[in-house]
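Student: Sending over a structure as structure tokens; questions will come in a sec.
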């Protein structure tokens with residue numbers, strides 16, 4: 001298709017399926033995107049899966065199905081055409097972005113099950129703060145009532161995934177008014193903070209990573225260092 005365990009402790013490598021965890025902090029979008037591409041292009045059947053966690057500088061990204069007509073008034077925020085599925089979305093400070101770089105073939109996962117697992121991890125995370133997250137048929141992501149709280153856009157190349165999920169934690173939502181989010185005119189967006197949840201990115205990241213590890217049977221091993229150029 002082209003278009004830490006739950007307690008936060010570092011477990012021994014032999015427990016569960018190992019995956020490396022990279023906490024990248026605040027980063028511009030394009031270098032991380034290009035690094036994902038390179039990682040996916042050069043990995044082989046023995047490569048360890050990785051999850052990258054990042055908070056992007058302001059950017060609109062337009063997926064392969066995206067139309068410029070859905071970008072209404074970007075202003076000073078750059079628009080980047082990317083190789084993930086889906087339409088247009090916004091990334092910015094206060095949004096938790098997780099990129100699972102997984103060998104889906106090795107995991108025995110189809111794309112539908114993979115998407116379902118990511119959505120379920122977000123739904124389970126929200127439930128920790130008594131927020132009811134839901135799926136919508138034919139509209140990937142997670143919604144609370146009529147508002148979207150997590151956008152999902154992926155690509156699979158040679159059976160391996162890149163791109164991922166963007167989860168609104170405590171962010172300025174105004175830039176979403178400059179686009180038709182995910183290609184839907186008038187789609188509302190919301191955040192964890194606006195719904196009474198925590199504003200701390202570290203708190204939400206720990207909860208979401210634990211749920212992703214549970215969904216996909218991983219034990220996450222934090223690793224230091226930036227990405228190779």
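Residue numbering: from 1, along the chain as shown.
Glycine residues also receive a Cβ, built from the backbone N, Cα and C atoms like all the rest.
For reference, Swiss-Prot lists these features for the protein:
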type: DOMAIN; residues: 45-220; note: domain 'BPL/LPL catalytic'
type: BINDING; residues: 84, 85, 86, 87, 88, 89, 90, 91, 151, 152, 153, 164, 165, 166; note: substrate binding site
type: SITE; residues: 148; note: site 'Lowers pKa of active site Cys'
type: ACT_SITE; residues: 182; note: active site, acyl-thioester intermediate
Student: If one measures from the C-alpha of residue 148 (site 'Lowers pKa of active site Cys') to the C-alpha of residue 182 (active site, acyl-thioester intermediate), what distance in angstrom results, rounded to a whole number?
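Tutor: Cα-Cα distance, residue 148 (site 'Lowers pKa of active site Cys') to residue 182 (active site, acyl-thioester intermediate): 10 Å.
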Student: Among all protein chains shown, how many Cβ atoms are found within 10 Å of the Cβ of residue 151 (substrate binding site), not counting that one?
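Tutor: Step by step: centre on the Cβ of residue 151 (substrate binding site), count other Cβ atoms within 10 Å, giving 26.
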Student: For residue 182 (active site, acyl-thioester intermediate), which of the three DSSP-derived states applies: helix, strand, or coil?
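Tutor: DSSP assigns residue 182 (active site, acyl-thioester intermediate) to helix.
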Student: If you draw a 10 Å sphere around the Cβ of residue 153 (substrate binding site), how many other Cβ atoms fall inside it, taking every protein chain shown into account?
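Tutor: That number is 25.
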Student: Give the sequence-ordered list of residues that share a chain with residue 88 (substrate binding site), lie 6 or more positions from it, and have CB atoms under 8 Å from its CB.
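Tutor: Expected: 60, 61, 62, 63, 66, 67, 70, 71, 179, 180, 181, 182, 183.
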Student: If the substrate binders are 84, 85, 86, 87, 88, 89, 90, 91, 151, 152, 153, 164, 165, 166 per the record, what's the largest distance between their Cα atoms, in Å?
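Tutor: Between the outermost Cα atoms of 84, 85, 86, 87, 88, 89, 90, 91, 151, 152, 153, 164, 165, 166, the distance is 16 Å.
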Student: Over the domain 'BPL/LPL catalytic' (45-220), what is the model's mean pLDDT?
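Tutor: That stretch averages a pLDDT of 95.
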